[in-house]
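S.K.: Got a structure for you, questions after.
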Amino acid sequence: AVGGFSVAKSLDADVENVGAPWAEQVFTFDYTCGVGEDLVTGSFELTPGESENVVESIGELELGTSCTVTERDAAVEGFEWTTEWDVEGDSDTAVVDGNSVTFEIGSGAQEGQPVAVGVKNIYTAETGSFDINKTITGNAAAAAANQEFTFNYSCTVADAVVHSGTTSLVGAGTVTVDDVPVMATCVVTESDAAVADTALDSSISPDEFQVTADESTNVQVDAVNEYTYVEGGLILQKFVTGNGLAHAPDEFTLNYRCVAPDYSGDVEETPIEETPIEETPIEETPIEETPIEETPNEDNSAAAQTTTADAPAVEDDAEDAAVVEAVEAVVGLMEAVAGDESGSDLGVASQEGSVTLGAGESAVIEGLIPGSMCEVWEEDASADTQSGWLGTSDRTVADWSVEYTLDGEVVDGSPVELTIGADENVSLNVENKYELTEQNGLVVIPFPVPAPGGSSGSSIPGGSSGSSIPGTTSPAQPDAPETPETETPEVETPVTDAPSAPSKDDSTVSENGGLANTGANVLWVGGIALLIMAVGALLVTRDRKSNQ
């Protein structure tokens, strides 16, 4: 009786090998069978997921022949690795020695049936550490001396998060993060670190980094918070958290719109007491009239004639000026209405704009009138997108949500409404959280399990030439009754959108910031009517003058 053996290759890794993807790795094997003059040797190459039927390449082997298969050095930079062997057909006598296995073409192998040898390499990434060094500066640094600071970190390899979490410390100091794969790219952000009545300007450097396997050399990450006292203003502060923060935008846009109060209707009229005034008689003194001698002057006469002739024109100009003034007043009213497109009941915006902030940055809006009503909202800040599988549409790497905290209390909805007090600070923290939609850093490349039996040349030992794993076929049932088709009702799945800035298409939201629309826009109709009346009056006046 004769036999042979086959080898199948598989691989497990906790992270992808960015430099040389695992699926493209080539592994080389050497084999030795028999002794003395019957010694047969050779080698072959496999990639993960492939198998090799070695029956033909080494010829026919007698039962009891001893064979040794050795995998050459399979070390990969940045990874620690081990090898697992699995022998089917001679599992009782097989001996594993590191990266080699020895077995016999034993009694369990039938003629033409190879011994199935499976070899799997397990790769574990080498790890390192990084330190986060916290420093507090600014004229309000003392106010943050006992503040607890929380840091978020996310480390990715080939867009897969392989290490993420949070760590914290109180006040200035250093905290260490361990077990970070050396080939991973890491990003660190800080959670809400606001202190009352202060503006925060924080920086974290480097922006992204990779650790090393050297235990004596941790990567140093510097986190500096500068606190400055603020006297009267709107403080906007930005924070970013979540395990998908590596896919968050670098900058975020916050819009604000403030409407000053209208105090004109609040003034009470005080009646004025009338005090009788005593009339004092005035003596009339006769004034002597001095006759003026008229001297004929041709120039003066001509001037008088000219003045008399031009008098109607002056009257016409005055009337025209009045009409023009009325038209300008109507146009001014229309422009005022156009300038307040929101139709807000609060009045025309006294101050509005936008600020662009990075994670941990803040902005102070000053010069707001006490009592002003303000709205703040964030523009769309969706995470990065990736191409879908097999040409499908792009998919979002991470879901995002936004949380507004007004003076220490979480508020719902967007835009956020607030009121500016006199000599008071209003602090609004805007925190975006990014959570990965998929997270799987494990790379598993299986191999086709060698099946005993079958001729050579098969991609799976034991299969027919050029074949794959056979499928199953259900026999036809004679005279089987037809099953009536039933319609499956469609179920609508609600779609939840990520929070976004106020939409221009929403009838309850204005283009400038989302204040409610009212009936103020109908002033356009009245304005146009007044404009037509004013022009008509101008034409009628001129027509009358021309007929006189």
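Residue 1 is the first one shown; counting continues down the chain.
Each Cβ is built from the backbone N, Cα and C atoms, and glycine gets one as well.
Unlike curated records, TrEMBL annotations are generated automatically.
Sequence annotations record features per position, and here TrEMBL assigns domain 'DUF5979' to 5-124, 130-228, 349-435. Residues or ranges marked as compositional bias 'Acidic residues' by TrEMBL: 266-297. Residues or ranges marked as region 'Disordered' by TrEMBL: 266-313, 453-512. Annotated compositional bias 'Low complexity' per TrEMBL: 302-312, 457-475, in sequence order. Here TrEMBL flags 522-541 as transmembrane segment.
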S.K.: On the DSSP side of things, how many residues of the domain 'DUF5979' (349-435) fall into helix, strand and coil, could you say?
M.R.: 3 helix, 50 strand, 34 coil
S.K.: I'm checking region-level scores; what's the whole-number mean pLDDT for the domain 'DUF5979' (349-435)?
M.R.: 84
S.K.: Mind tallying the domain 'DUF5979' (5-124) by DSSP state, helix then strand then coil?
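M.R.: Tallying H, G and I as helix, E and B as strand, the rest coil: 10 helix, 63 strand, 47 coil.
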S.K.: For the domain 'DUF5979' (130-228), what are the DSSP-based totals of helix, strand and coil residues?
M.R.: 4 helix, 64 strand, 31 coil
